[in-house]
Structures are given as C-alpha cells and as structure tokens.
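The compositional bias 'Polar residues' annotation in Swiss-Prot covers 1-19, 982-1004. Here Swiss-Prot flags 20-67, 282-356, 1082-1091 as compositional bias 'Low complexity'. Swiss-Prot lists 89-98 with the feature compositional bias 'Basic and acidic residues'. Annotated region 'Disordered' per Swiss-Prot: 1-100, 281-356, 970-1005, 1018-1058, 1072-1091, in sequence order. Annotation source Swiss-Prot lists repeat 'WD 1' at 1184-1225. The repeat 'WD 2' annotation in Swiss-Prot covers 1229-1270. What Swiss-Prot lists as repeat 'WD 3' is 1284-1328. What Swiss-Prot lists as repeat 'WD 4' is 1332-1371. Per Swiss-Prot, the feature repeat 'WD 5' maps to 1377-1418. The repeat 'WD 6' annotation in Swiss-Prot covers 1420-1460. Under the heading repeat 'WD 7', Swiss-Prot lists 1468-1507.
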Amino acid sequence: MDKSYNFSSSNLANSSGLHNSINSNNVNGVNNINNNNNNNNNNNNNNNNNNNNENVNNHNNVSNISNTHQQAKKKEKYNNNNNKNKPFFGEERHKDNATPDVQKTKIAKWRMRERMKTVSVALVLCLNIGVDPPDVIKTFPCARMECWFDPSTQPPQKALDLIGKTLQAQYEKWQSKARYKQSLDPTVEEVKKLCLSLRRNAKDERVLFHYNGHGVPKPTTNGEIWVFNRNFTQYIPLSIYELQTWMGTPSIYVFDCSAAGLIINWFNQFAEQRDKELERFSGNNQNNNQNNNQNSNQNNQNNTTNSTNGNTNGNNQQNNNNSNNNSSNNSNTNSPNMGSSNSVNNNQSGSSSSSSHQRDCILLAACSANEILPMNPDFPADMFTACLTTPIRIALRWFCSHSILTGITADMLDKIPGNLSSRRTPLGELNWIFTAVTDTIAWNVLPRHLFQKLFRQDLLVASLFRNYLLAERIMRSANCTPISCPRLPPTYQHAMWQAWDLAVDLVISQLPTLLADPNAEFKSSPFFTEQLTAFEVWLEFGSEHKDPPAQLPIVLQVLLSQAHRLRALVLLGKFLDLGPWAVNLALCVGIFPYVLKLLQSPAGDLRHILVFIWAKILALDKSCQLDLVKENGHAYFISVLSSPQIPADQRTMSAFVLSTICNNCRPGQNACLIGNLLPICLSQLNDPDPMVRRWMILCMAKMWENFEEAKWAAIKENAHEKLCLLLTDVSPEVRASAVVALGELIGGAEGSEQRTNIELNLALTLAVITADCSPMVRKELVISLSRIVSSYESNFVQVAQEIAQEERLRAVLEAKRLEESRKSKKRASVPKISDADHLNNNSDLYGNGSQSSVYGCLWKIILNLCTDPFDQVANRAQSIVKRISSKFSMEELMSHNLINRTNFNFNNLNGSMNGLNSSGSGFLNSSNGNLGASMNGSNLNSSNNNLGGSSGGGFGLNNSNSSIRNTFVNISRITNRDPRSPTKTKLGNQRSPILTSSTNNVGTNLNGNQLNLNNNNINNGNINNNNNNNSSINNNGNNINNNGNGNNNNINNNNGLGNQLANTFQSLSLSSGLGGNKTNKMSQSISSMNSSSQSLQNDFLMVSDSMPFEEDELYSDYYEWSCNYFSKPMMQSTGEDFESFESIEKKWKRQRNEMIIQESKEAVQNIIQQPPKSFSQMTIFAEPNGQPISHLQFHPFDNILVVSDGLENISVWNYDDGQRINTFNNCNMSGTRITSMKLVNDYDPSMIITAADDGVVRIWRGYESNDTLKMVSSWRAFPEFATTGNDPIGRLVLDWKGDSGLVLVSGETPDSPKIRIWDVERELGVQDIFIGTESVVTCMANEKRGPLFSAGFSDGLVKLFDQRIPGKYSCVSTLTEHKSYIVNVSMPASLGGKTVVSGSSTGEIKFWQHSYECSSTTIHNNDVISSFSVHEYAPLIACGSQNQRIKIMNFTGEDVCTIRYHDGFLGQRIGPVSCVAFHPYNILMGAGATDSIISIYNGDSKSKSNVDW
C-alpha cells in the first residue's frame, strides 16, 4: 500500500511562479528568484516548448505519487478492515507509551551564527608596467594581459589606472555594495594607511586584500612581499606580520604572484606567533590582577592596622610603591622579531577583533612556494585573478583550447549573447550551471563546517571559492597549483566537471548560429533536467546509510527556475521525508532562505508541497519559528488552515507548523492571535479526520500556553466548552490533546473570580478522564491536575492535612475497637457506634468541611490516581501528593491533642462534600452521544444517575471500594515494582467486604449549604446508540463564594456527565470515610488492613518518604511526542523491502502459519473420520514457585505455552522441550490474583491480556524475554469500583474478541452485575450490558466473526447476548437447564460459531443453538468437573476434575480417553486438575494441576500408557 501525500498538479504547464524577488544575502550568490514571465517572446519559443515538455514530465512523475494522504489513510483503513488478522495495540502510543525519544536527532549547525559581509576591498597592484622583475625570466612570447587588457597598448600610468578600474569592476559584479580602494604601485606607508582606513570603517566585518605582484620580485623567504619606495630604492619589502597587524580580522587575502605559497606559510607562522604572544600577555594580565588583589587585600589590612596605630604615612608610601610596580608589570609586553613594537596596540586600534583569530583568516594564493605563474600567451598573465573574477570568460577560453570544436575564436567567445544575471540567455544559463556545478563539487568534497564557512557565510567569499575551484582545474593544467587556507581537498578531477564541459560544449556549438542570426532560437541545456532525474533515481534507491545525493545543491539552484520549480520541490519533499538526517542535509546545503521566500508566492500549485516541506523542517528545528514570524510566514499557514476545501493532511501540517510557531515563542503567539487563528481552529474541532482535530487542539494549546491574553480570548470564544466535548472523542490522541489544552488554560487566574471559577469547573470536568482506558490520556490528566494544585496550593495543603488527621483518628478508633474485641471476644469487626458518633459530632476535623469542597474532591481524585495501574500515571500523581505532603509537618499533626478525645459517636458518620456553584464558570452537557459543555455558570444537580451516555464516552467514576487511607497505604506498595521479577506473595483467604455506595444517599449540611446526590435507578445503556437519556447539568446562575478554602460551595448534579461527576465526588467522599451511613462497613475494611494505629502512622510516613518528589510542576511531553509524527516518513510507500531480514522472516512466518493451518485442517478431518484412540503425554514440566496452575494459553503458531499461577505470576514455556523461556509478574495489587488470561493477535506482535481481582486489565508485549517485556496498557475494568488489595472486585472474567478488538469483562461488582465492553482501538468503554440476574458471570465466549457472545453464571444460567442491541435488551436467549456453577462456555468454529457448548460443575455438558430455548444435546459426564475446554475446530471436549482425572470425549459424548497418570514406568497420579486448554489449531491439549505440574498431550500419538479405558 502506498501511503503518500499528493503532490500532483493538474495544471503544471500553466503553474505560476514567484512574482516577488528574494533578496537573500545568505544564498549562493543568487540575489533573487525571478520568473520573468513577460519575457517569453519569439526568442524564447524553443524554451517554452522545452518547458512544456518538462511540465508534462513533471506531471507524469508527480502523478506516480498517491493521490492524497487522505486517500492513503482511507486505503489503509480499508485494508485493515479487510484484514482478519489485523494486529491490535500496535499504534505508536503503545510502542513508546506516548513518550518522546530522549535520543533526539542532533540538529546540524546549519544556521550561520557569525554571518558577515565583505564590506571593504583593498586592491593593491604592484605592476611596474614596462619593467620586468629581476628574479623572473619570462618566455617570449609570454602572457601580458592584466584584467583582460594588454598594458603595452597604453602608456604605463594610463594602463595602470585602467587595469585598476577594470579589476574593481570585475569584483563589483560579485559584491557591488562593498567599499573599494585602489592602491597602484604603492609604498609601505600607502599600504598601511589604506589597510588601517578600511579596517576602521569595516569594524567587525570582513576586509578583502587583493595583491597583484606581477611587477615586483617574488616574496622573500623571511615572510615579506614587495612594494615600492621611490625615495630610496625601487623595491622595498613589506612584512606579512605588519600586514596582519594593519588588516586585523576578519580578513580575506588574495595573492596573485609567483611563489605565493611562501606567503601562506609565513602568514600561518605569524598567526601562531601572535596567538602565543596573546596567551602570554593574557597570562601576565591574570598574574598582575591576582597580585593587585593580594596587594589590595594586604593594603586594606595594613590600612586598618596603620589607622589603628596612627601610621598613615607609611601605609600611603607602601600603596604608592605597589601602584608603581603594577604599572610597570602591565606595561611590560614582548613584541615579535619582525614588526613594530607597538604591533599589539596597532592591532587593537585597527580592529575590534582579537588577533587570536588570525589563523581563521581566509587566504587564496595563485601557486605554491616553489612555482611561478603560467606564461601562456593565449591566457592573461593574471590567470588566477581572471578565474576568481571572470570565471565564465576564462573557462570558455580554456575549454576551447582543449576542445576539438573548430571555427570558434576568442572574439566569438567574448560575444556570447546575454548577460550573467539572466538565466534565460546563453551566458546567464552558463553562469547558472557553473554555480550549480561548483556548489555541488564543494558540497560533496568539503566537510560540512567548511562548506558552511566558505560557501554560505559571506556572499563574496562564496563566489570567490566557487571560482577558486575553477582556478584549481585550469591552473593545474598549466603546472601550477593554487593554494587556499583553509586548505581544500583536490577537486579538479571531480565528475561534475564533465557535466560542465557538456553544457559548455552545447552552448559553444550553437555560437556561430546565434552570432550570425540574432533571432535564432537558443536551445537550452538539459543539464538541470538530467540532474533532477539523477536525484530522483537516488531517491528510489538511496538511504541514510549510503552517500548523500550529489545533486542536492543543484535542486537548490533549480528552485530559481519557474520551469523546474515544482518538480524540484516535489523531489525535495520526498528527500526530506526520508528522515531528520535528510532535513539536516537540506538545511546545511542552504535550503532555508529559498523556501522561506517561496511563502510569499501566491501560486496555489506550490501550496501542498511547501506546507509539507515546512512541516519537515520544523519537526527537526523549532528555531525557525522567529524567521517565519519575521517574514510574516505564519499568515501563509493560517490561510491554508482557514480553507475547509483544502485536504485534511495539508490542514493538519499547517496546524502543526503554527503550533511550532507558537511553542515557547511570544512573538509567534501574539502574531497568531492577531491573525485570528483561534476561531479558525475552533471551527474545525468537529472535522471528521482525527488528526485535524488533534492538531487544531494542540495548536490552540500552544497559542495560549503561558499567554494570558490568548487565554482570555479563548474564554470569550468559549473554547473550554468546545474542548470539553472532545473529552469523549473516539480517538485517544484527540482526548489527550483536549486534556492538554484544558490544562494549559489553567493558571494565571489571580485576582479574577471568573477565571477561578472556570478553572475549578475545568478541573472537575476532567474527572471523567480518570475512567479512560488509555494510560496516555490519564497521564495528561494528572499533569493538568498538577497545575490546579500549583495554582491553589494552600487549599490542597489544608485538605491533605485534614485527611491525615482523620486517618490518625480512625487508626486510634481501630486500635481501641480491636482492644475491646480482644477483651470481649464477641465482636471482631463491628465498630462502636458511640465512638463514631463522637468522631462526627465533636471533632473539629469536620467542622470546616474543606475535604468535601472542590479542592477536597480534586485531591481525592489525585489520591485515586496514585494507585493507577500504569506506572507513568501513578508516579506523576504520587509526586503531586509528595509535594503537598511536604508542605506540612507530620510531627505537628501528631502533636495535636486529637487522640485523647472521648465520648465518640458513630450515629451520623456522614461524609461532607461541598460542590461548586459558580458564576461565570460552567456546566457540562451530555446529549445524543456527545459530551456537551456550557461554562457560563453552574449549579450541579445529581439525580437519576446514569452510567454512560456518550459516544464512546468513558464511564463515570464511583470509587467506593477504597478508603483514602487505603490509598495512602497502597501508594507505597505499588511504587517501583519490577514487573519482570515475580513475587511469591500468597493469596489471602479472607477478603474484606465490598463497599457499596450506589444506593446510598449522601446528605451533607456544611455551613448552611446543602448537597444532594441521589443515585436512583442506575441505567447503563449502550453507549454507542442514541437511546441514552440525554444528560445535562443545568445552570441556575448561582454565584460561587470562593473564600480561599473551598467552603460555601454547592453542587447539584443531574444525569449524564453531571451524574458521572456526582458519582465520582460521592464515591470519593465515601472512599475517604467521609460519606455513608451506619451501614457503611468502612471500619471492617480498615480492620483488615492494620491492627494498630502505629502501623497506620508508619504507612502514611512511608508514603511521604518513599514517593519520588520534584518541587517543579509536572511537565507534559505529549506535544513533543506528537511532533515525532512529522519527523517520520509520511509519503513513502509502505511496501516491504523484500531483501531485508524482517521481510524474509515475515514471509517465512506467513508460510509457516499457512502450513500449520493446512495441517490442522487435515488433522481435524482425520479426527472426524477416525477419532484418536489416545492422547499421549508429550511434555511435562512444573512451575518452580509451587503455586496451582490457573490458566493456560497456547500460541497459535509458535511452540509457546503461556501459564499463570494462582497468584500474579506468568511464565512462558517452550512445550516442545519443556524449557521455561521467561517469567514475570503481572503487577497485581497485593493479595489479588490473575482471574483471566488470553492471547491478543494471532500474528505478530503477540501479546498477553490479563484480568485480576484488583479490577485491572493489563496488556503485555514482548513476553518472550525480559529484555523486550513491556506493559503496553492497563486500565480498571470498572473504574467506578476502584479496588485495593484488601477489597477485590472478585473473579474478574475477561474474553477477547479478536476480530473487532473488543474486551468483554464482568465480575463481582458491588452493584448489579454487568458485562462491560471496551474497544481497544478507541480505548473507550463502549457498552454496558445488564445481565438481568444477581448471580455472577463465571465465563464468557464469543463467536469469532459476529456480534454474539455467551456468558455462564454461577447459578447455572447460560445467556446469549447480541452486542448490537443496547443495554438491558442485549440478552437474546437464555438457557436455564443447568442447575450448578458454569465452569466454561465455548462457541467453537467447528459448529459454525452459533452453537454454545457449556459445562457445569456437576459434569453436565450441553449443546445449545440460540434459536432454540432448550439444548439440542446433553452429555452427562458423571463426574464433578473443575475445568472444561472445547477444541476450536476438532470435535473434542476435555474435562478436568479435582478427582485427578481428565476425560476427553467427542461431541456425541463418546469417550476418547481418560487420563489419570503421567507417562512412565512408575507413572505418578496426576494432581487435581485446575485448568485444561486445547491448542487453537493442532490436536494438542494442555492441563494444569494444583500441584504446579503442567502436562502437554498429543492427540496423534499411539501411545496408550497414560490412557485408562
């Protein structure tokens, strides 16, 4: 499947380019991007035809990419829906737990932080025309031209002036704005004056010194060049050291003279000498400063002593002496042997830069130290200067001298039509190609940092070094080797020169025709088209591990051309899509200024690819945000975002770009706010594409992050209300984004009652997320709640104090009750009513009621999250608790005189809870499957509570099974547990009573405020249907009186989400021991936890000391993780690399799996025709911990058996050889056990899903090894009944529906038993099915390809449900024939999936078709069975018994065999059978016993040693 972005264009031939110029000083010598659309006259007809052909090719190439990303996603979804083996829990959030990779790609230093200009140029010409230097013997004829002018044709002085002007004009073509100064046949003083003047004016910018020494001797071996002194001698040396001093830094030198390499050598030597002097000078200064400090300290002491003794005069004399000594030390500096003694001072006066950077100066020399300049009369004498300043002219002349072309003269070469700046002319095209070729050579040869310095830092320097590459090629042919500093690798034989020669050849071959007929058509070179094709070929086969594409700089140059621009952008986008390494390369080559200026283009055909390119750039380097704001680039993306007709993928990428612009960038936030980004994002929150919704939310979150003005604008737009609607979105990423955005709205409400009310309402609204199936969403919830805690810290500290005090009092009461029970030996668990009454009536702990205020409710939610089954969630919540707990002193609490109180009274131990009644805050609405919100004011009422009601919405919390005290205790028990180290904890035999609160009415009167929370007729319907009662929380406009501690608030909740919140608050209040009535059995739960008050105090202190604690506020990394999506390939085909190891392994596994399925079909047919006569024992092994075996699961294709024991340990075995592969802990809460276990994904990646008595469903991946083991997800199956280790839900039964990714769970819940369906793709509870009986579900099974599933009950009922039917009507049929506990049910594929096979504990096995009211077949096993299994495809049934026997029979009830003994001569009797299971395909059966023995039996074996007939 090709998952790609659409970069096709329906009108490429008419695509318009940029009409705006690009002034870019940091581009490779190109000042602007011009289209010149109006210049397509008759002279360019051939160009137009070529362009049209190129556009057609572009269209053909681009159309090969998939139509749109949206279509690709639809295709992927279609393929997934039609793939019956689609893996689950394979999303990115499951692979990395929504945590960004800490090993981020290192961003290359592509941005030139020290960008500079060459602002001054000194042209020093020592020609002495008419007089040859004495040390050079010239040939005859020899080269005479200087700057393409023969000086012998003019008088010497006039020729000298003309050469100077011509050289200046040649330089001005490369840098027209520089300040040029000529010094013709100068003296030393003139050179000095010139250099100091230019340096003074240039300040910190670069100065160029061009030296032509053709009329003077060669440089000396002492580091000197020659100038003139007319007063004494003809030639006088000028030290390079002095020249360095006058020029300062930064500077660039061009030396065009014989033996110029000597100058380079001495220049570097002097630079090193200067560095050593500067280091010595700095060291002296340091020593002097230290001496000054010591002397100053000593003087101060002496002053103090002398002032005491009256010896002032002596001290003053000493100070004077010290001052004189310091002055003499500071003035003592060393000067070099060659140069002025004031060189350091001169350098400082001439340059503000440090002389230590002399080695960083750039030098270009015409030849090496032992070479002389070429004297070929066909070329100018200053060939090196010609190469540097007129590269095209000298290149054409050199090419003709080496070409077989005839009829081309030098005069013809000088008359090539066009100009250098017009790319549509022959001369301009040659210059354009030359720039691309030299850039490409430099890019592929030079190190990246050197390329950046020489080709991207300075416009003039870049031009000179491009031309220097040509000089190396031309002058080497004349046995002359140019030298540069920094030294470059050899480039004169690079392959790109051949492409340059071809382009030159094509132009010169047309030259006679073009000169003869000015109207002749010029045939453009196919150079760029061919290079783009080469780049495209590289994209097809290249990768990060291969050499980067050589044509990348050419792609950059092609962006200047309208004809090639679209194709170049598409190819560039494909290259950037390869990964962050490709983006780094593109930025280093200089792509940034080009694509930045392209944002000013109105061309619609460039929009999609420009958005994609910018998304790739910003995914790597966020620092580009300021550049975008500065160039008004954000407006481009806002315009894309504001057009609903633009494809979703482009709007998604635009939202990402805008979010990056706003990320920690106040100018970006302000610009986007002014640009009306907020209403645009809000208008698209209901977009059908979840990626659009997600990034619209994150874009808004980043816009108002720490930006109060944007927060107020969001509140005015009711953004918080609209975001609340998305808390139940079907996409977990959208829900997490909504939580992040709402969390970012929190904070900064100081002094604003309206904002305070809104923030508290938002925090209460977020409570519904605690029931979310996705750990990613719950993690973001904790972080958002931490912002509330930070904003209202004092209120939460007060709540925490009161809860801690209450727990101490409760521990005292418990100790007293235990003491009395030991004395009386009559009551072991019933508390004294009088004590409880006194606790309620006389303790000032309940007088202020702050625990049941808004802050109290939120604090209890946080405490509940401390025991979240997912570590990342629990750890963050625990850090909040630790931070708040550290704010108050435990010793102070323990010193309170609360323990010695008497006259306790339990008559009215009712929880108190203040709600929220806020003006200007808000309320929530749940209607027709959507969670609605209206945050204009709230009076939350609770009545006729319903569970559910939103489309995929989460289930309301009702945490009535755990006290806050138990929460504190369990925090320390669940932290830092290693899931790979199985524990040996034994299952406790006693369970605490399960608390129920669903029918309790909580009445609280606090400070005159009444709270009503009525739980009447909980109606849990089908969440996915519109039959639900519409839910709302009505706003009565009541005002909140927030006095800082949360008192004097009122909550009234209606049904729907309001009911969910009410249930949450009520249950949290109950779970903290603050709610309920005399029937509340909280004391029983407490008594089962501890036997003394001291243990409670120790537990609480242990929590404060053991939890990780960070003073800083929790930080969400969800945004950074979300950004990773754009760093990964987005338009690449998802087709397999058939040569990779992974592809070969996958192909092998696919063939193996098909073979296993085929062999199993044959085996099933054989069994149908001739049932097996025995099941021979294949393997036997034992669990080392000695625990009973509770569950067995065969892997469908690998020789793996997954085993769980009677506690919380899971082991993985190779059943072929009986070797244990791995063992790990399920991370249950203490005292609970694994109650169900299934395998998820028949094909890779296989995972284990477990359910335990603690009410938690866990998903494990990589279970074959501890190195790969990871908890993918975990959630509470019934979050409204959150449990601790002492009050488990009971047997939590789980079934996995692999075709649709549904998890069916049921258990012994406090209220009416139900079956809940969770959708693992959406990670939401989607349906509650009421079973219509008070008995408990013991087992479940589903048809593999349909909506039906069956459930067995503890009272013998078997019911068939249709998940398409909502609520209490889901049960479509009931079998009442069983009279005892249902051990297991099955809906085997061998019976079409429509027949239910059930087995009861008395041994009855019934076959039941749902279209009938009674069973069609009954098999009487005549034995009590403890385990029961049916083969999925073969007509085989296995029954295990506590009587140490396994019976295997067919569907007609005929016994196949009975297993009583293990194999062997002295076969031991098998233990009491606790579980049996068939292999999904093969005729294999596994059996586990209470003696920890596991046996594997093969139905194809002919052995009879273990068979009892």
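Count begins at 1; order follows the chain as displayed.
Any Cβ shown, glycine's included, is placed from N, Cα and C.
The DSSP breakdown of the repeat 'WD 7' (1468-1507), given as helix, strand and coil counts, is 0 helix, 20 strand, 20 coil.
Confidence for the repeat 'WD 2' (1229-1270), expressed as mean pLDDT, is 91. The repeat 'WD 6' (1420-1460) makes no contact with the repeat 'WD 4' (1332-1371), as judged by fewer than three Cβ pairs under 8 Å among residues 6 or more apart in sequence.
Long-range Cβ contacts of the repeat 'WD 1' (1184-1225) within its own chain (Cβ-Cβ under 8 Å, at least 6 residues beyond either end) map to 977-987, 1149, 1152-1153, 1156, 1178, 1232-1239, 1242-1243, 1246, 1248, 1250, 1252, 1260, 1263-1266, 1269, 1474-1482, 1484, 1486-1494, 1496. Counting residues of the repeat 'WD 4' (1332-1371) by DSSP class, helix then strand then coil, yields 3 helix, 18 strand, 19 coil. Each residue in the repeat 'WD 6' (1420-1460) gets a DSSP state, and the totals come to 0 helix, 20 strand, 21 coil. Secondary structure of the repeat 'WD 2' (1229-1270) per DSSP (helix as H, G, I; strand as E, B; remaining residues coil): 0 helix, 20 strand, 22 coil. Taken residue by residue, the repeat 'WD 3' (1284-1328) breaks down under DSSP into 0 helix, 21 strand, 24 coil.
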